[in-house]
């Protein structure tokens, strides 16, 4: 009986550690990021807490619409640890996304965060694709006030399907969620992925790959 309790206890501890594997709970009130610090850690080193100011925990301007005059017709305004140093170690961040009519946030992934999106204005078509081998598209048209979740690491997208401008607010489960835009990563890597590899992967002629690579 005692051995069984010990095994269950160890299993519980292991599961708890796995649950905290991404961004563990902080061991102090806060850890304001010190980008100039010479110490290299998973995140940023902490500045002296006695030097912390309100400006380290605030950001202004999220009410201002982003400029969507670009080929995608969208603009992301991030609020991560890069904008608010006080987010360091806290495992949360925000983003405002603005969309011109029919503007898109192209297929992308956040390697370190789940995203929960709320539509503030407009109508958005959103969706994500499940992992191999199913690759099932889960999609929905959202209206003002609707909420949608993009699970961590899955390819997802947004598109404005209304006749006017739209914007949404996203919360992400990391101070530094990261973003990998699929087209940019595949066709715009530096150095470039060999065109014959991409031609075989996408089952297209190499000339198609060459043309796509010139766009990224």
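Placement of Cβ uses the backbone N, Cα and C atoms for every residue, glycine included.
TrEMBL labels come from automatic prediction, so no person has curated them.
What TrEMBL annotates here:
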BINDING   108, 110, 115, 156  Mn(2+) binding site
BINDING   110, 115  oxalate binding site
DISULFID  31-46  disulfide bond
DOMAIN    60-210  domain 'Cupin type-1'
SIGNAL    1-21  signal peptide
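For residue 108 (Mn(2+) binding site) paired with residue 31 (disulfide bond), the C-alpha to C-alpha distance reads 30 Å.
When the alpha carbons of residue 156 (Mn(2+) binding site) and residue 46 (disulfide bond) are compared, the span between them is 33 angstrom. Taking the centre of the Cβ atoms of 108, 110, 115, 156 as the Mn(2+) site, the nearby residues of that chain (Cβ within 8 Å, site residues left out) are 109, 113, 128, 150, 154, 155, 177, 179.
A simple way to gauge crowding: the CB of residue 110 (Mn(2+) binding site) has 24 other CB atoms within 10 angstroms, across all the protein chains here. Among the listed disulfide-bonded residues, namely 31, 46, the Cβ with the most fellow Cβ atoms inside 10 Å is that of 31. Taking each Cβ in turn and tallying the other Cβ atoms within 10 Å, the top scorer among the binding-site residues 108, 156 is 156. Taking the C-alpha positions, the distance from residue 31 (disulfide bond) to residue 115 (Mn(2+) binding site) comes to 23 Å.
When Cβ atoms from all protein chains are considered, those within 10 Å of residue 115 (Mn(2+) binding site) total 22, not counting its own.
Comparing residue 46 (disulfide bond) with residue 110 (Mn(2+) binding site), their Cα atoms are 25 Å apart once rounded.
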